[in-house]
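Take a look at the structure set out below.
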Amino acid sequence: MVTIENLHKKFGKHQVLSGLNLTITEGGIFAVLGPNGSGKTTLIKSILGMVIPNKGNISVLGEDVKKNPDYRHKIDYLPQIANFPSNLKVKELIKMIKDLRKYTNEDERLIKLFKLEPFLDKKLGNLSGGTKQKVNLVLTFMFDSPLIILDEPTTGLDPISLIRLKDLIQTEKAKGKTILITSHIMGFVEEVSDEIVFLLEGKIYFKGTISKLKTQTNQPDFEHAIASILTDNHA
Amino acid sequence: MKHLTVFFIAILMAGNAIAQTIEVCTSCPISTLKSAIEKAKDFDTILVKKGNYKEHGIIVNKPLTIVGKNYPVIDGQSKGEIITITADNVTVDGLFIINVGTSYTEDYAAIRVKNSKNFTIQNLVLEKLFFGIYIEKSRDGKVFHNKIIGDAVEEYNSGNGIQLWHSKNVEIEHNFVQHVRDGIYLEFSTFCTIKNNVSSLNIRYGLHFMFSNDDTYQDNTFENNGAGVAVMFSKRIKMYNNIFKENWGTASYGMLLKEINDAEIIGNIFEDNTIGINIEGSNRITYKHNDFKNNGWAIKVRGACYTNHFFENNFLYNSFDIAYNSKVNDNVFNRNYWSNYTGYDLDKNGVGDVPYRPVKLFSYIVNRTPETIILLRSMFIDIIDFSEKVSPVFTPDNLLDKNPLTKQITW
Amino acid sequence: MLKILKYSFFDLMRSRWSYVYFAFYLLLGIVLLFLNNDLSKAVITLMNVIIVLVPLIGTIFGVMYYYNSKEFTELLLAQPLKRSSIFLGQYLGVALSLSMSLILGLGIPFVFYGLFKSNAIWDFSLLLITGTFLTLIFTALAFNIALSNENKIKGFGYAILLWLLLAIIYDGAFLMTLIMFEDYPLDKLSLVGTMLNPIDLSRTLILLKLDISALLGYTGAVFKEFFGTNFGLIISFIMLTVWVILPVLRIVFKSKKKDF
């Protein structure tokens, strides 16, 4: 699905990714974890072609990301901070994204799911953070793409919406899609992900299932397992 | 004595009574103008019919009226002067005169009036000429409704359209002069009137005065000449209601005044000239009700000009209103309208409450380094002009219009 | 690209600032015409305003738009779109909406005043064309500044500095140079100096219309060739176009290399 070879990225003097190799197979939910500044967002943005690597190759579904932006038709991406042109109405934004990508009527179902009907005629600048995130989710899930990338999907969501999001992720997984998630909420990660990828100092420190992580670190639960990695490495 | 006068009048009247008309045509018994003049008696009329007459050196030495019918062509074949008038009371009317000879030693003219009185030169068309109409030591004549089209290229080998030399009281009206050196040129000629002429596309000047006093020119149009009008070393010239237009080029101007005293310049329009009026050493001149519009410099004063009055003129959209190269000013600007004026009129009396300074610092800079003209209207220039306006350093302190009008003047 | 252009354009057309800009020009046009009652004078005043204000507004607005729409840009970047289309689309969106405000804002009062019956129409059209060129150039320069500076404050600082430099400081230095070397033939130098600054270039274009009489007073042959024939007009337009193309190319180039 996604193959990354020897990925290097530097921002100024700051080396963020140094020789990262990662293969993500088709189907399942992968969580990308790591401490702040470990390069999670950089990794995701590299896959999306928003960050240009200094070195290395990335291919998505067999296509080199540098060559043609069309591979992004196969990716649904939920950006971290949902900030949209404030003059646009919700309805118009959805229409616009559809216009830019392709036609779908999946949005109606999602709007109902997240109870966004009353906001459709409001301008995006006047929405609360949580509502914006819901709009963001609608925009992401309305296209039926084989790869879904979610950057901090839980930000600002109320408990009910969070449950709906989880359901949504599971349905998509059931369709055989590959889902890439970053999150700081360990409970959420533990609940939804099949496999985790742990980044540390620009490299993959661990890749595998949560139970494998637990055994490897000798910790009874997930959060402690993560904490132990961090303390071991920074001690 | 009395008898003699009566006798003389009687002869004159008799002469008039028996005046004959002599016809000239190419197939007539009299087929040349020359032979017709030879055969004619005083006060006869010679009627020249349509045709082509290859003649030059025609001398009109008796009072005759020579009239062309349907513009007969007198072709000088570039051999010299074509018609010379040496008698009084001669009228030449309706001829098409071409191919005057060019010489570097003699000023050949299409038609020359020499030591004569009461002449009338009218309705002529002159082409391929050296000098056109040359009035020499003559007086009380009329040059009316002629069309002079030259083909002058260089100043040194071309002549003037209408030239007056040591003449007096000549009326030059409704003529149309193009492509010669000077359209109309007056030297040592006094009390002449130049009216309703159009002088354009001439190499040097549309109209040129030298040492000529008490002349008037009015209602003329001078367009696209090397320079419009040059008035030099003359006194008491009246210049009314003329139009000076599109005299473009280096050192080109609508009007040049050099050593001119006591003139009146009233009601003229100066439009689209590089310099509207260029003034040198001219005193006691009244400028009134003139329009200066879209000129590079409306007025350029180059030293030694005293007691001139600029009163109720319109200065409209000129790149520079006044350029001045001295720090002393003795000229008065009053009640003019300046389109560049930015002051206010709080008491609404039509006069701006702040004086206007027509000389800009930038005009000094351009005078010094001409290439800087390319920075005209740039914001930086506006800033330095503004600072000069607030506290004048380079421009004469008293060079200002204390009563700038807030509305364009009409008269 | 056209889709992005469309959305950026409509987004801006609905923004408060476009209205402010539009209203400013509308007011300026009305005040100049109906309080002054003199079309030629109005055109001259407008020229001064356009030469100074259009670049300023173009730069500030361009930088502002870029920073304000950063998240939107990121949203677009994740879509299957080419980077150059995204940035060119946004650039054209800003530049065209600004040009529209300018043309309509000034055009409407002038049309009502009876422009079509006046012979100032050519001067006025030239003014609008020049204004549009300046908008295109300075918005592109603004995008360049913003693309190269992540820091908003710094970006704004550079934008204002750029404007100051090209609108005032450049001419000051230019004038000093000309005066310092006045003993040498300067006409080529002064023309080249003009070509290198888009504000001077536009000013020259307008001078060609308004001050041709004064310009022809200068002796230099190169000047004469430049101002006396259509040569100057053609060269100026070519240079203005080059001034649009170069920064736009840099937008394309820079945006390809940039990380978001």
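Glycine residues also receive a Cβ, built from the backbone N, Cα and C atoms like all the rest.
The transmembrane segment annotation in TrEMBL covers C:20-36 (among others).
The list of residues near the transmembrane segment (C:42-67) in space but at least 6 beyond its ends in sequence, with Cβ under 8 angstroms from a Cβ of it, reads 12, 17, 21, 28-29, 32-33, 36, 90-91, 94-95, 98, 102, 106, 120, 123-124, 127, 130-131, 134-135, 137-143, 145-147, 152, 155-156, 159-160, 162-163, 166-167, 198-199, 202-203, 206, 210. The transmembrane segment feature in TrEMBL is assigned to C:42-67 (among others).
Residues or ranges marked as transmembrane segment in TrEMBL: C:88-112 (among others).
Annotation comment: TrEMBL describes C:124-147 (among others) as transmembrane segment. Tertiary neighbourhood of the transmembrane segment (C:124-147): same-chain residues 43, 46-47, 50-51, 54-55, 58-63, 66-67, 87, 90-91, 94-95, 98-99, 102-103, 106-107, 110, 115, 155, 158-159, 162-163, 198-199, 202, 205-206, 209, 240, 243-244, 247-248, 250-251, 254-255, 258, selected by CB-CB distance under 8 Å and a gap of 6+ residues from either end.
Sequence annotations record features per position, and here TrEMBL assigns transmembrane segment to C:159-181 (among others). Residues 51-52, 55-56, 59-60, 62-63, 138, 141-142, 145, 189-190, 193, 197-200 of the same chain lie 6+ residues outside the transmembrane segment (C:159-181) yet bring a C-beta within less than 8 angstroms of a C-beta in it.
Residues 84, 87-88, 91, 130, 133, 136-137, 140-141, 143-144, 147, 195, 198, 201-202, 204-205, 208, 225 of the same chain sit 6 or more residues outside the transmembrane segment (C:231-253) yet have a Cβ under 8 Å from a Cβ within it. Under the heading transmembrane segment, TrEMBL lists C:231-253 (among others).
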